There are 2 protein chains.
Amino acid sequence: MSVCFPKLSRVAVCGGTHGNELSGVYLVRELQRCAGDGAHVNTLLCDTFVFPSPSGPISDTAPYEMIRSRELNALLGPKGSPKAVDLICDLHNTTADMGLCLIAYSDHDWICLHIFRHLQRQMPDIPMRYIHFDVSNKESYSLDSVGKHGFAIEIGPQPHGVVRSNIYTAMKFGVQHMLDWVRFFNSGTIFEGGFVDVFTMVKHIDYPRDRETRNITAAIHPQLQDRDFSLLQPEDPLFQTFSGETLRYKGKEPLYPFFINECAYYEKSIALSLARKRRVMIPCKGTL
Amino acid sequence: MSVCFPKLSRVAVCGGTHGNELSGVYLVRELQRCAGDGAHVNTLLCDTFVFPSPSGPISDTAPYEMIRSRELNALLGPKGSPKAVDLICDLHNTTADMGLCLIAYSDHDWICLHIFRHLQRQMPDIPMRYIHFDVSNKESYSLDSVGKHGFAIEIGPQPHGVVRSNIYTAMKFGVQHMLDWVRFFNSGTIFEGGFVDVFTMVKHIDYPRDRETRNITAAIHPQLQDRDFSLLQPEDPLFQTFSGETLRYKGKEPLYPFFINECAYYEKSIALSLARKRRVMIPCKGTL
């Protein structure tokens, strides 16, 4: 089986969608500084700065984030239209020890899956996974969903508000290899088919909380902390309460934890997410 | 040589002075929840929430931080007065890999130095240092300077906005051993004299910055990141620019780096601080 696609003429690399995730902020600035040096793809380099849903009515007093999301939808989309850019790569950081993850809303977007496999081969020293949020394109609200194809590159661990050289460098190489792949693809290279492991998000788990105050009463257990993508078995330690007690995973199915102790998810009531792993066959690929 | 002090009747343990440094926030809540369980010291447990200088005029429109600092100075001080509490321990976290540090404005406050030595002996698995900021009591502006004796306990690495069990637990044990020491001291225990290594802050180093935008142009070098308190020699790697170049330490004196890549210090123009190490003799100690 082989699949052909039109060329990817317009690719957007975006940083700063979450303004305190600094690797992407500084990487996009660096790419902007170097723009023109041998770029063979029409690459849009975007300082994005916060991006909620672009739909719904907007007023004069709308918050900055709402206004900016409209601007970005106009610049990179409109979402779902033929004018939308061909590919969006949105750069993120996490405090979780997740290595480099491609996060997408599809488990059969062959462009995204081939790019993932290329990065895996080019960067064998970096732990790398493909995460699939099983949400329809209409329901998806992230910046990368505005393009015809799109994904987030999520790299950690890095505290928000901090840039760490090793994380920045991994992101830089990831973006370079992604753009290389697009150039190869556009120049007619045929990519072999094969298999990719996909982690499909199943559910989130919240912290234990005080019934009245809703304050959290436990932290991620030290035996789980920094063990993203290590299979969590029923009865494995999950949390350690602030008085020292161990709370265990009561699910019946072994699942793969990720986004363990992500800073931005405390307010979303997510202590960690759990995924099922599947092997997906991707077809041989070329341009039309 | 031996030194005698009056009993430490009133001890304050404070968390939340920086509200996103979560170990102290949750530890003080936990201690408040358990208050009364065998506490033999009059321990004030304070949710503090941000503490700038308590001096200068204050208006009706003063920011919350200014108002709160006045309240705390009234509650725990007034600074410099006989009414001030005997000992303040203010709990902090850092994104730097500093282990557990006691930070004080004096290198001859025998109470603080004896507590430090007690913690070192009781927690041999935790890297522990005593940092001395050589600033007079008048110039000092932190919460712990309001007490007759005082120090900050600074523990890392922990991203701000996140609580990690291992860091929380180290802080919890540190505070328990500190309160134990106070109880021993108040009940007449004589503590032997001895030596303590003290790291006295010498200077700060800022990130390389763009002349016009003042944006940073480099991150901490990967060979320096997480190497707090490892001696930095002239010509050792200091920064890695966002284009990949290595910048080296141009100082003439080998010094000890700390607060390497602390999140809150980007805006203070501090990439790291440097200290000189000295050995201080502390006298044998008892109560009056």
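From the backbone N, Cα and C atoms, a Cβ is placed for every residue, glycine too.
Because TrEMBL annotations are produced automatically, they should be read as predictions rather than curated entries.
Copied over from TrEMBL:
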- B:HIS18, B:GLU21, B:HIS92: Zn(2+) binding site (BINDING)
- B:58-180: domain 'Succinylglutamate desuccinylase/Aspartoacylase catalytic' (DOMAIN)
- B:GLU154: active site, proton donor/acceptor (ACT_SITE)
- B:196-277: domain 'AstE/AspA barrel-sandwich hybrid' (DOMAIN)
Far apart in sequence but close in space: which same-chain residues, 6 or more away, have a Cβ under 8 Å from B:GLU21 (Zn(2+) binding site)?
B:LEU91, B:HIS92, B:ASN93, B:THR94, B:GLN158, B:HIS160
Rounded Cα separation (Å) that holds between B:HIS18 (Zn(2+) binding site) and B:GLU154 (active site, proton donor/acceptor):
11
With DSSP assignments reduced to helix, strand and coil, which class does B:GLU154 (active site, proton donor/acceptor) get?
strand
For the recorded Zn(2+) site, whose residues are B:HIS18, B:GLU21, B:HIS92, find every other residue on that chain with a C-beta no more than 8 angstroms from the centre of their C-beta atoms, and list them by sequence position.
B:GLY16, B:THR17, B:GLY19, B:ASN20, B:GLY24, B:LEU91, B:ASN93, B:THR94, B:GLU154, B:HIS160, B:ALA264
Residue, out of the binding-site residues B:HIS18, B:HIS92, whose Cβ gathers the largest set of other Cβ atoms within 10 Å:
B:HIS92
Overall pLDDT for the domain 'Succinylglutamate desuccinylase/Aspartoacylase catalytic' (B:58-180), taken as the rounded mean:
93
With DSSP, how much of the domain 'Succinylglutamate desuccinylase/Aspartoacylase catalytic' (B:58-180) is helix, how much strand and how much coil, in residues?
46 helix, 26 strand, 51 coil
Near the residue listed as 'active site, proton donor/acceptor', which residues of its chain come within a Cβ-Cβ distance under 8 Å, counting only those 6 or more away in sequence?
B:HIS92, B:ASN93, B:THR94, B:MET98, B:LEU100, B:CYS101, B:LEU102, B:ILE103, B:ILE131
Give me the DSSP three-state residue breakdown of the domain 'AstE/AspA barrel-sandwich hybrid' (B:196-277), ordered helix, strand, coil.
3 helix, 34 strand, 45 coil
